[in-house]
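What follows is one structure encoded as structure tokens, with my remarks underneath.
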Number of protein chains: 2
Amino acid sequence: MTKPIKLTNRAAYQRFVDRYDTFLLDCDGVIWSSNTVIPGVLQVITYFRKKGKQLLFVTNNSTKSRAGNLKKLRSFGLEASEEEIFSSSYTAAYYLRHIIDFPKEKKVYIIGESGIEDELNMMGIKNTKADADNGPIQNWDFADITPDPEIGAVLCGFDTFINYRKIAKAFLYLRTDPDCLFLLTNDDTTFPAIGTVFPGAGSLSSPLIIALNRKPDRVMGKPNKPMLDCIVDKYRLNVERTCMIGDRLDTDIQFGINGGIATLLVLTGISTEKEILAEGAPILPDYYVDSLSNFAEIIELEN
Amino acid sequence: MTKPIKLTNRAAYQRFVDRYDTFLLDCDGVIWSSNTVIPGVLQVITYFRKKGKQLLFVTNNSTKSRAGNLKKLRSFGLEASEEEIFSSSYTAAYYLRHIIDFPKEKKVYIIGESGIEDELNMMGIKNTKADADNGPIQNWDFADITPDPEIGAVLCGFDTFINYRKIAKAFLYLRTDPDCLFLLTNDDTTFPAIGTVFPGAGSLSSPLIIALNRKPDRVMGKPNKPMLDCIVDKYRLNVERTCMIGDRLDTDIQFGINGGIATLLVLTGISTEKEILAEGAPILPDYYVDSLSNFAEIIELEN
């Protein structure tokens, strides 16, 4: 493995920016941290736009559609368009329609929130809604949990309304039809909220994995490949001139490595310089920098 | 490993019965199968009683208390007393009170059904009830999921009312207090119902295991040791003269082996003679017999 290059001065920042046409940006830990935007980052993003760089905001959050994620970006003062957002919910819809040509007559059974349903609907993919029918099982009544030959895929994401009926249905669909696809939006075991972490989509899908003794066929989100396959397919990207920018070695940087694109780690989030410099570090970025805001030095020069 | 002895004639049945004072009996697959009692088995149980054998009915079902399990036995025409039943719910209560002396001032947080709550209450162990407070999380409101220093153990069993709030609470209790015990009633990944199987307690506990990256401290039910430790402790059994009778190699027979007691496999349930006779079979009983009802041959002789 090549030693990562630390970007520490204007000339290095400039060379880096010139070398790529497209930046894939993780958000939490790169643009904002603890719900506060990192000072200087918004100017850098505006500068990237001025220089004609293509920007894509990539997030494993499946609970929101692209529209929902856009609202969140705007709440941090970041102007963007829906077309610049790639969430794991949108990835799932794109993957089913454009990568594997999911049969039009088949339905997707969702364990997840409205973001997934919205994106599948917009892509014209039939799906089961998280409706009242999905309340908890009462009085040990399993009678309505029966195979459904219309279901062609089970798609599991994060779901604060998860319950036993949903788990049992998904289990039965997958168990009775070996051709039924088993997909996860993402496999993050936890996610950050209110200053701590809580069990994430990668934990909520585990009852299915354990009960079926079967791994998912595909996981959409970082660090897995489908999200990048979809991005490259949709935007016809030149992978040689694309760089993933993120704060986590095990998700963001591994994602870039898996997809064969360049990677830049910022030190404003989870992963540390110590981890990179450790002997035998398993995941290394091509570049790293203290903060995305460091690139503001180029702007000052140009002004 | 010693080759298992197949019991095939009256003399062998008689020797087996004479050799043990206590029989631990699994129920499904031994006494009944597909909700029908196996012909001849009830007479054999009556005969065991007449001969002064101590009988204990052991079940991993945590959703019922001993009283609830007794009702089920009686529905099959099997007369028994509550004292003869050892369920994983009762085991959990017994274990906390008598094996580890769980602090009186601490509470147990339950993911599970009324069987667990009933047994803990009868043993005088404080616990959180599965009350309205445990409904699904609405509007992404995690604010009431906070550490609770009173919680000294999380006990997870099968729960048709499982939801994200329960998972998140249990996760937070275990994550914030490294001394908080992490217990499962049983780790069966599936259980049989309405002619198929559904995800069991061993699957429903997996989000905690994955999100915490921590294994449970103890699993109560078969094939794990705590259930037998509790049985031996409560009845002061002579393990030399105790035999486990069950239909599954990986739960019932492994349970007996783990506890250092004799084992008899019956072929009226899950495991087959072929599995026992296979080269390198990993789990072997001491004895096996086509059906528990075979022992009726001794009765005929005596009559």
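Each Cβ is built from the backbone N, Cα and C atoms, and glycine gets one as well.
Per TrEMBL, the Mg(2+) site holds A:Asp26, A:Asp28; the candidate it also names there, chosen from A:Asp229, A:Asp233, A:Asp247, A:Asp250, is A:Asp247.
Same-chain residues that are not part of A:Asp26, A:Asp28, A:Asp247 yet have a Cβ within 8 Å of the Cβ center of the Mg(2+) site turn out to be A:Cys27, A:Gly29, A:Val30, A:Ile31, A:Gly246, A:Arg248, A:Asp252, A:Val266, A:Gly269, A:Ile270.
According to DSSP, A:Asp28 (Mg(2+) binding site) sits within a strand segment. Every protein chain considered, the tally of other Cβ atoms within 10 Å of the Cβ of A:Asp28 (Mg(2+) binding site) stands at 20. In this structure, the CA atom of A:Asp247 (Mg(2+) binding site) is 7 Å away from the CA atom of A:Asp26 (active site, nucleophile).
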